[in-house]
Amino acid sequence: MRVLGIETSCDETGIAIYDTEQGLLSHALYSQVKLHADYGGVVPELASRDHVRKTLPLIRKALADANLTAEDIDGVAYTAGPGLIGALLVGATIGRSLAFGWNVPAVGVHHMEGHLLAPMLEDNKPEFPFIALLVSGGHTQLVQVDGIGEYSLLGESVDDAAGEAFDKTAKLLGLDYPGGPRLAAMADSGVADRFLFPRPMTDKPGLNFSFSGLKTAAAQAIAKNGKDAQTQADIARAFQDAVVDTLIIKCQRALQQTGLNRLVVAGGVSANVRLRAMLEETMKKRGGEVFYPRSEFCTDNGAMIAFAGAQRLAAKQTAELSVKVRPRWPLTELAPL
Amino acid sequence: MNSSRLLAIDSATEYCSVAYTDGQQLITRGQEAPRKHADLILPYVQDVLAEAKITLADLDAIVVGRGPGSFTGVRIAAGIAQGLAFSQDIPLIGVSSLEAMAQQALRLHGAKAVVAAIDARMGEVYFGTCLAEHGLMVMQGKEIVCAPDTVKALAAEYEWFTVGTGFVTYPEVLAARFGTEARVTPTDIRFPHAEDMLPIATQRLINGKAVAAEDFDVHYVRNEVTWQKLPGRS
């Protein structure tokens, strides 16, 4: 079965075609990062307007790149939530009506399920069950995954998501939106342990996170220590180390608690090099294994939606003709396959 | 020459509608249903096609309300119209919400001149005037978004029919601007209907004004909204 995947939940238009026999056939992405940089964050209305302009041209490109025509597509998957309602509606209306016009089934995909299953697009796929750490600008969640659609939420952030904390702290350091990756680059030249930030919520039991206090710690360090390049890099380093340490402590706890030894890490922050290195080391020590998507599929993309949608469509889970999106949609409400 | 087979979709305002014509029969669906447009349109389309005993493959083009109106509403119709048109490799024809309401005034009241205003929130209206030419309403100049107390006086030579929610929200303010010489006849028309986009679109198709699905542009009209750039960015 060949499935066209459409992702428009935030500021990336992602289109891909996945074949359940042959794997990923093509993928195309347009990032609106430059459009939103001048505003210091994603402007929902501008994001929606841009998705309208980009979705069909990218679908045409994905079909051409895969050497396919419309007749070759057996189903359409689109992100139905969570995300920005206006942005979601663009991909959902186009995707649902395309499927209707092509006379093939459609399915609305949960964006975080897409992220969570993204490592299955790689050669080294995790087997169920596993623990998933979902870390992005919108989410920080630890999930026990027993199968597709069988998710138990073990813990999540009570305030800022990890990626959000990265972007906000980057802003304090004078970096352009989205500053998370730039902060990480800056941290490379930082001296470890010149500043020591807290590892929030690690001193008591539980798997929840809190990252808003780290931003405050960084703001105080910036205010007290001036703004020379080395100090800024040292603060970036201290911040990144605190986030990475905290994530690792909680991942270990989740593995301990569930007795599992496979860890999947997905979402934009999973592209962070320091986090990957530390996770590799940790899992090696435990005799377990860590899985991630390739870097380009850590951030939002159409491939993960095409993949997750293909699993749902193969199980005959299809969308009705009404176009439904859910800006808020708990992962745990999903049906098993 | 056989007439074109057109399917029109509009959800730019609180009303959402679908209409089909082949030059002979006219089949329509619609209702005032704010926030339900995404639920309703495709089932309406399916219904209308079934009643007409045709499939999408029989259509010559898709017609869509291009705005102005609710940003999200316009995009729902646009997204569905784009998907349908792309799936059949047929073109799209956009029709203004204001023109469609004017055409409705012509259909229901025989109006020759129409002044259209949609409540655009934020103390403004989407505004335009239309005159009938050979049975079709034609926008005079550009459609604009402006404060209701800044619209121009109406030419005294026509009887102007009023349409749109702008006249529900700002009846006195607008009337005062039209001038004492203006002859103004109110109507009950508040929303556009896809049905009235069909005659306008039929002519546009003949005139070569249809576009490829991916080249279709939404006419938001309001392009400066409440978002602000960071200091120093232009």
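Cβ coordinates are placed from backbone N, Cα and C, and glycine is handled just like the others.
According to TrEMBL, the protein carries these features:
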- A:HIS111, A:HIS115, A:ASP300: Fe cation binding site (BINDING)
- A:LEU134, A:VAL135, A:SER136, A:GLY137, A:GLY138, A:ASP167, A:GLY180, A:ASN272: substrate binding site (BINDING)
- A:24-307: domain 'Gcp-like' (DOMAIN)
Same-chain residues at least 6 apart in sequence whose Cβ lies under 8 Å from A:HIS115 (Fe cation binding site): A:LEU134, A:SER136, A:ALA266, A:GLY267, A:PRO293, A:MET304
A:ASP300 (Fe cation binding site) versus A:ASN272 (substrate binding site) - Cα distance in angstrom: 15
DSSP-derived class (H/G/I helix, E/B strand, else coil) of A:ASP167 (substrate binding site): helix
Near-site residues: Fe cation, ref A:HIS111, A:HIS115, A:ASP300, CB cutoff 8 A to centroid: A:GLU7, A:SER9, A:THR79, A:MET112, A:GLY114, A:SER136, A:GLY267, A:ASN301, A:MET304, A:ILE305
DSSP state at A:LEU134 (substrate binding site), helix/strand/coil: strand
Position of peak Cβ density within 10 Å, selected from the binding-site residues A:LEU134, A:VAL135: A:VAL135
Largest separation between Cα atoms (Å) of residues that the record links to substrate, namely A:LEU134, A:VAL135, A:SER136, A:GLY137, A:GLY138, A:ASP167, A:GLY180, A:ASN272: 17
Site with most surrounding Cβ atoms, counting all protein chains shown within 10 Å, from the binding-site residues A:ASP167, A:ASP300: A:ASP300
